Amino acid sequence: MPVLQWGMLCVLSLLLSIGFLAVHLPAALLLGPMIAGIIFSMRGITLQLPRSAFLAAQAILGCMIAQNLTGSILTTLAVNWPIVLAILLVTLLSSAIVGWLLVRYSSLPGNTGAWGSSPGGAAAMVAMAQDYGADIRLVAFMQYLRVLFVAGAAVLVTRMMLGDNAEAVNQHIVWFPPVSINLLLTILLAVVAGTVGCLLRLPSGTMLIPMLAGAVLQSGQLITIELPEWLLAMAYMAIGWRIGLGFDKQILLRALRPLPQILLSIFALLAICAGMAWGLTRFMHIDFMTAYLATSPGGLDTVAVIAAGSNADMALIMAMQTLRLFSILLTGPAIARFISTYAPKRSA
């Protein structure tokens, strides 16, 4: 029964999250549900998170990001615009080269390999890939596999950088603060702005519109965004389930042949982004944790959750991640067409 299966998923997610919190792992409330979802998927238990729940979680995350966006971040980006532009261009070029090599040296069709290797929002890439005739199940597998490895790598980097401070971050959590009018206004903001983002059909619009609207309203002192930990935990759980349940045993079997090349492409992209993060620490004089999360190849919501569980500069991270997302969305179709047309196929 679906109700029983959802109950079992909730229990397993809770147990894993508590375990991760006990060892002071960043983004424990994301990793627990994500791993639980993967376990269920690999055992052939088919559960699908309602789309409304995922969109609501994205809207809540958008409000969380808005809490940390200030006018100073625009100044930082403007002062360092050559570096920011270089990071975006290298990301686009790297994804194009990795996608080209993946199609060239694997059995993946051109469209599928191109869209699957694009470091944009996973959900957005899957939706756009469908419009361009790619195998969306393979694209989804590749995208969520990338998100899984990106999340794991980001959590490890964050944990290593925090060191003994990881325990202090977790100890400051207040799960059930008193309910105030600010919470009600924040939920209203999430509902209204999230609905607008959904109606506009923007990729990740249910996160981006609340993020922008919340930042404007809070900077104008019209609202004070308040998000208790219990509400954020629910949003993290929905995001984790979306990733974990996105894996499919049948599609995994189908992807076994090109899996080594897929993994190699993911690791190559991670290595390139880590190199860019090191460059950011040298030229922008920021800590490596902030630089790594800012250049990490998505997804936007996953990086936001991990950044929230650390002492990183959330505003800079989200500004860089949003710019990367839009640049990929704008150039993705052209890059995919180029790879599909010109990447030579290996003879069978």
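Backbone N, Cα and C define each Cβ position, glycine as well.
According to Swiss-Prot, the feature transmembrane segment maps to 20-40 (among others), an assignment based on sequence analysis. Residues 5, 9, 12-14, 47, 148, 151, 154-155, 158-159, 162, 166-167, 169-170, 232-233, 236-247, 302, 305-306, 308-310 of the same chain sit 6 or more residues outside the transmembrane segment (20-40) yet have a Cβ under 8 Å from a Cβ within it.
Residues 186, 189-191, 193-194, 197, 206-215, 218-219, 225, 227, 231-232, 234-235, 239, 284, 301, 304-305, 308, 314-316, 318-319 of the same chain lie 6+ residues outside the transmembrane segment (59-79) yet bring a C-beta within less than 8 angstroms of a C-beta in it. Taken from Swiss-Prot, the feature transmembrane segment applies to 59-79 (among others), supported by sequence analysis.
Summarising the annotation, Swiss-Prot assigns transmembrane segment to 83-103 (among others) and lists sequence analysis as the type of evidence. Using a Cβ-Cβ cut-off under 8 Å and counting only residues 6 or more beyond its ends in the same chain, the transmembrane segment (83-103) has close neighbours at 77, 109-110, 113-114, 116-119, 258, 261-262, 265, 268-269, 272-273, 276, 279-280, 283-284, 295, 297, 320, 323-324, 327-328, 331, 335-336, 338-340, 342-343, 345.
Same-chain neighbours of the transmembrane segment (138-158): 25-27, 30-31, 34, 38, 108, 112, 115-119, 122, 125-126, 129, 243, 246-248, 251-252, 254-255, 262-263, 266-267, 269-270, 288-289, 292-293, 296-299, 302-303, 306, 309-310, 312, counting only residues six or more beyond its ends whose CB sits under 8 Å from a CB of the stretch. The transmembrane segment feature in Swiss-Prot is assigned to 138-158 (among others).
The annotation transmembrane segment is assigned in Swiss-Prot to 173-193 (among others).
According to Swiss-Prot, the transmembrane segment annotation covers 196-216 (among others), on the basis of sequence analysis.
Residues or ranges marked as transmembrane segment in Swiss-Prot: 221-241 (among others).
Feature annotation from Swiss-Prot assigns transmembrane segment to 259-279 (among others); the stated evidence is sequence analysis.
What Swiss-Prot lists as transmembrane segment is 288-308 (among others), and the listing cites sequence analysis. Taking Cβ pairs closer than 8 Å, the transmembrane segment (288-308) reaches residues 26-27, 29-30, 57-58, 61, 64-65, 87, 91, 95, 119-123, 146-147, 150-151, 153-155, 157-158, 161-162, 204, 207, 232, 236, 239, 243, 269-270, 273-274, 276-278, 280-281, 314, 316-318, 320-322, 324-325 in its own chain, all 6 or more past its ends.
Under the heading transmembrane segment, Swiss-Prot lists 315-335 (among others), citing sequence analysis as support.
Pairs of Cβ atoms less than 8 Å apart link the transmembrane segment (221-241) most often to 173-193, out of 173-193, 259-279, 315-335. Within its own chain, the transmembrane segment (315-335) has Cβ neighbours under 8 Å at 65, 68-70, 72-74, 76-77, 84, 87-88, 91-92, 95-96, 99, 114-115, 118-121, 124-125, 128, 132, 203-204, 208, 211, 286, 290, 293-298, 300, 303-304, 307, counting only residues six or more beyond its boundaries. Below 8 angstroms of C-beta separation, residues 83, 87, 90-91, 94-95, 98-99, 101-102, 105-106, 108, 116-117, 119, 142, 145-146, 149-150, 153, 288, 291-292, 294-297 of the same chain, each at least six residues beyond the ends of the transmembrane segment (259-279), sit close to that stretch.
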